[in-house]
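J.: OK, TrEMBL features for this one:
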TRANSMEM  B:7-30  transmembrane segment
TRANSMEM  B:36-56  transmembrane segment
TRANSMEM  B:63-83  transmembrane segment
TRANSMEM  B:89-107  transmembrane segment
TRANSMEM  B:148-165  transmembrane segment
TRANSMEM  B:195-219  transmembrane segment
TRANSMEM  B:231-256  transmembrane segment
TRANSMEM  B:268-288  transmembrane segment
Amino acid sequence: MGRVLNAALGIVIALTLGALIMWAQGYDPLASYAALFQFSLGDPYALATTFKNAIPLVLTGLSAAIAFASGPVNLGQPGQLLMGALAATIGGLYLDLPPLAMIPTLALLAMAAGALWSGLAALLRQVFGMSEFIVTLMLNIIADYFTLWAITYPFKDAAAYSPMTPPIATSGWLPEFGDWNSGVLWMLAATALMWLLLTRTRPGYEWRIGGQNALFARLGGCPVDRNFVTVMLLTGALAGLAGGLLIMGGPHRFLRGLGANYAWDGVMIAIVANNSLPGVLLYGLFFAAIQTGALGMELITAVPSEIVMVLQGVLVLVIVASREALHQFADRLAARRQAQRRAKHASLVESAEQA
Amino acid sequence: MNVLSGLINGAISGATPILLAALGGAFTFYAGVFNIAMEGMMLMAAFCAVWGSFTFGSWAAGVLLAILGALALALIFIVFAVWLDTDEFVTGIALNLFTLGATTYLLRQSFGVKGVFAGPGIDPIPRLQLPFIADIPILGAILSGQNLMVYVAALATLLSAFLIFRTRFGLQLRAAGYNAASLDSSGVSSARMRAYSLLLCGMLCGLAGAFLSLGYVVLFSENMSAGRGWISLAAIILVSGNPWGIALISLLFGFADVLGLLLQSYQVPSQFTAMTPYLATLVALYFYARRHRKERRYVNR
Amino acid sequence: MTAGGAISGECSQMPGAAREPHLAPPLIQMRGIVKVYPPNVLALDDVTVSFAGGEIHALVGENGAGKSTLMKVLYGLVHHDQGEIHYRGRAVRFRSAGEAIAAGIGMVHQEILLVNEYTVWENIVLGAEPVDRLGRIDKKRARSEVQAIIDRFHFALDPDAVVANISVAARQKVEILKLLYRNVSVLILDEPTAVLTPQEIPQLFAELRALRDEGHTILFISHRLEEVLELAERVTVLRKGRVVATLPTAQTTRCELAALMVGRKVLFSSRRTPQPPGDVIFAVEGLCYEDEHGRIRLQDIHLHVRAGELVGVAGVEGNGQLELVHVITGLLQPTAGRIRVAGVDLTQASILERRRYIAYVPQDRGRMGSSLAASVVENAIMTHHRLNPRLTHWRGLLLDWRRAHHFTQHLAQHFNVSMPGHSAPLRALSGGNQQKVILGRELLLECPFILLDQPTRGLDVGSIEYVHDQVLAMRRAGRSLLMISANLEEIFLLADRIVVLHRGGIVVDLPAEQATVEQVGRYMLEGKG
């Protein structure tokens, strides 16, 4: 109950602030929000697009949430996503299998590449003690430049004017069912699987407890260091998969600037959802909705779509701050009420004794 | 000789924003604040500097607005992380994301462009020619004629070291980081110390951002801080906050930056040369971790 | 520490320090104080008490009775919800420690709150530093002022020593000096003797009496009744947040105070019945440990525990206890020596391997013994989830939560745990109940050897008695137990043999019947009897 209240409060405040900004700049907030809604959830096509756009958000969100809840500070989703996308692209350029085999193969390649990239950070931590916080951040930027080089030189589409690869084989394109992209199924399946993993299995239990108190887990017999590596590999794979699905379900080729919009959203979603996996799914869909709707909003009322990024930042701050504040507020109210009761009781007793 | 002095100047230029931001972060480090918002503060400052310089035609206005912009972010950090007790890591990340969005949005709003805003209307921070020093045979070319902000950065290093290690403020600041409860029981609010450290960080990151967009280059591009805030953080950790150590490390990173450009002349693709500062950070982190490895107590099983 | 602090031996009939009670108007008056900690913990329930100027006044009560809270309210660290405070005849409400200090009231907390990285003089002047016009610290003046008060009160400290390198007793003196530097006249001390060895206590008492003779007022919180009777002129007893009595110490006894503290007659005799020990279950031979800086922390430790035997390890904190525990549990690798339990050589074994044979109740509940954020059931099944095949399916990969809940139910019943529910986070339970969950989890592992580290620290009397009962039950059942405790009374109550660690080595190993508290205290402090 508290979490829903928290979310609602945060969303209301963020949207109100956004409206104020729009109004101050001379735009019509109500019309803008109406357009936002229309173009994200208002009709079946918009809804399908929102779900499709949610795929990388939810997958990177799962990656960040599982990592944070288990201990490793994996901030490398942007880089792992890019490596996964690159691997899927290369596979799609050189392999040609029937779709039933092609799509899982490319997905596996993407996951492997993402895991490799996060595994590198895990290795540096285990062997040399280098903080994965900083390493994953640096690897993000390195991956960005590396993939840029890859699509500018070795894998460049000779016919294109700007850096990009040729399109991948059509057998690797994710099938669509009407407006709906099958990547959505992958997203939902991943969420469900990860949730089961974390709540019903022994590794999931050890990861969660290890994330809350590593010393306690270690003393209890959990292989904390081995679990660290496993979690890094798993979360890297999830982010890599996000990249692969982006290619297979989206432009079908690696373009410059791919995934730039999704850079930090995964981390943001994990934070706002407090590492809860169902929460990641819901917040992922929400952010996808406002991002999708923003483009349409710009068409109708000319509000630059980038304002959505501002809204997202405000939302994160407000939700996280109010999470703590609501707790303390409720506790303090209860305490004050009890104190007043005791004082009243004491004075009643006193007057009874005097009588 | 010209090539060498060109390299050194390039290194100094590259080092300056990192040095300034890291000095700001040093204050929060000593105060015990887990501050990862330097990236955002620098970016906001860079935008405000260009906006101010373009709108008022004066680099001084740009610098002033840059400081104000970064201070605004510092204030938000204080409200959430110091006053409301929100997790500092989360607050920092949220601020960085917010700034990325805000500056991209404002870039479009104010100048009507996407990606980059450059042009003759932006008044850059001038270089300073020091009269007698410029005449010194070899060093003269380096010590004089640097961008004004470089001298400011050098002064800031000195002042920071003095403030942190010699004054009452510094004693209390470090106590807030070492043992906040002890400081509180001494009658000085550790929360107030943390707030001051954040304000100082805002000021210094403001200067860093202003130099980025009005000195290092003269333009604003989306996300132009490009991870320098993270490198500053690494610098702080590597030397445990010491201002002199920070100056040294910043120079090293500046050299790595310049090295990248040098490699380009050897047919190394630009994408790889651009990686050099970040690879350098990893290398530095390796040595840091090795020095501290002996402090990892527990057996790996 | 348990009721009265005097568990072994008979009830002392000696009256307390003989001194005339003060007849002057009270210096401090606290009336009708109520404090509720969110959400519903009633810490102080309508407390009324007054303190006279120039007296030494003790506050006693068991853990959780409210003595610390009451003083924190006076000091301004904690804001009371109802009631009023009068100081020197005027109504006051200090909103922070700073205000209290400015008014002349200072408090030394139980945990030493010093900046370890700073020197003695830096710690003393922190917050009141002498500065020049630039804001630069006037180091010379600071040092000379500190040296002056060190000399005035005969405290024997080196102003330039780094706090991390001085003894705990010395650190306590620095805390007191910090307050005297600011000219406080009322000193509040929270459990001042808890960190001292028996030999260091008389010196502290002498210093406190000297301060009293100079006109200072001393309020101290303690649960060690013989010390209270020796030092204080008056004593106030608190129980469950209410004042039970205020008496001159000259007119009361340890038995009476203990009974007032607990609310019932307290038995002061040991419940341990002698029994012949069995085979050696736990043995450590030639154990050595050198830390990462090359300092020797454990020197050639030989120790064994038999079935049905409890060995108590005494020692001043920092003499190797932590390293010994970590080496036994497997967190640290010894540089030499062997560990054997039930005949199995565990020296190279992983932590999980050892847990088949070693049950471990750690020193710090929240940091090492549990995850406070996790639910009760999640805490209860730790280690069992790996060692008990009934809790998992599919070769240990899937957890059977239904069985986990059954197990938790069994634990809760068997160990008398009271909690809101299995899925409540562990932090929702009281300290005593948390310890019961941890104890139950470890004892239900059915290991032949049990390692206990400060098992009753911070618990209320009822929980302490319960833990002692369980420990003795394990002993009766034939398990072997090693208990490290800073509480000498507890060791004398439970142990068959007493061992003292001093500078990483075992300096004495004797049967409890042959040992006295003073003798053990000497071994702890000096390494020889």
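Heads up, the Cβ atoms here are built off N, Cα and C, so glycines get one too.
What you see is a predicted model, and the numbers here were worked out from it, not measured in a lab.
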J.: Is it the case that the transmembrane segment (B:7-30) and the transmembrane segment (B:63-83) have 3 or more CB pairs under 8 Å, with pairs at least 6 apart in sequence?
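T.: Between the transmembrane segment (B:7-30) and the transmembrane segment (B:63-83), contact is absent.
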J.: Should the transmembrane segment (B:148-165) and the transmembrane segment (B:231-256) be scored as in contact, given a threshold of at least 3 Cβ pairs under 8 Å and pairs 6 or more apart?
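T.: Taking Cβ pairs at least 6 residues apart, the transmembrane segment (B:231-256) and the transmembrane segment (B:148-165) are in contact, with 3 or more under 8 Å.
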J.: Check the transmembrane segment (B:36-56) against each of B:89-107, B:195-219, B:231-256 and return whichever range has the most CB pairs under 8 Å.
T.: B:195-219
J.: Based on Cβ pairs under 8 Å, which of the stretches B:63-83, B:195-219, B:231-256 lies most in contact with the transmembrane segment (B:89-107)?
T.: B:63-83
J.: Restricting to the same chain and to residues at least six past its boundaries, which positions have a Cβ under 8 Å from a Cβ of the transmembrane segment (B:63-83)?
T.: 33, 35, 37, 40-42, 44-49, 51-52, 91-92, 95, 99, 125, 191, 194-195, 198-199, 201-203, 205-207, 209-210, 214
J.: Could you give the residue numbers and ranges of same-chain residues that sit at least 6 residues beyond the transmembrane segment (B:231-256) on either side and whose C-beta is under 8 angstroms from one of its C-beta atoms?
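T.: Residues 7, 10-16, 18-19, 21-23, 25-26, 29-30, 36, 38, 154, 157, 160-161, 164, 276-281, 284-285, 288 contact the transmembrane segment (B:231-256) from elsewhere in the chain.
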J.: Given a Cβ distance threshold of under 8 angstroms, which distant residues of the chain, six or more beyond its ends, lie next to the transmembrane segment (B:268-288)?
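T.: Here the qualifying positions are 14, 227, 230-231, 234, 237-238, 249, 252-253, 256-257, 259-261.
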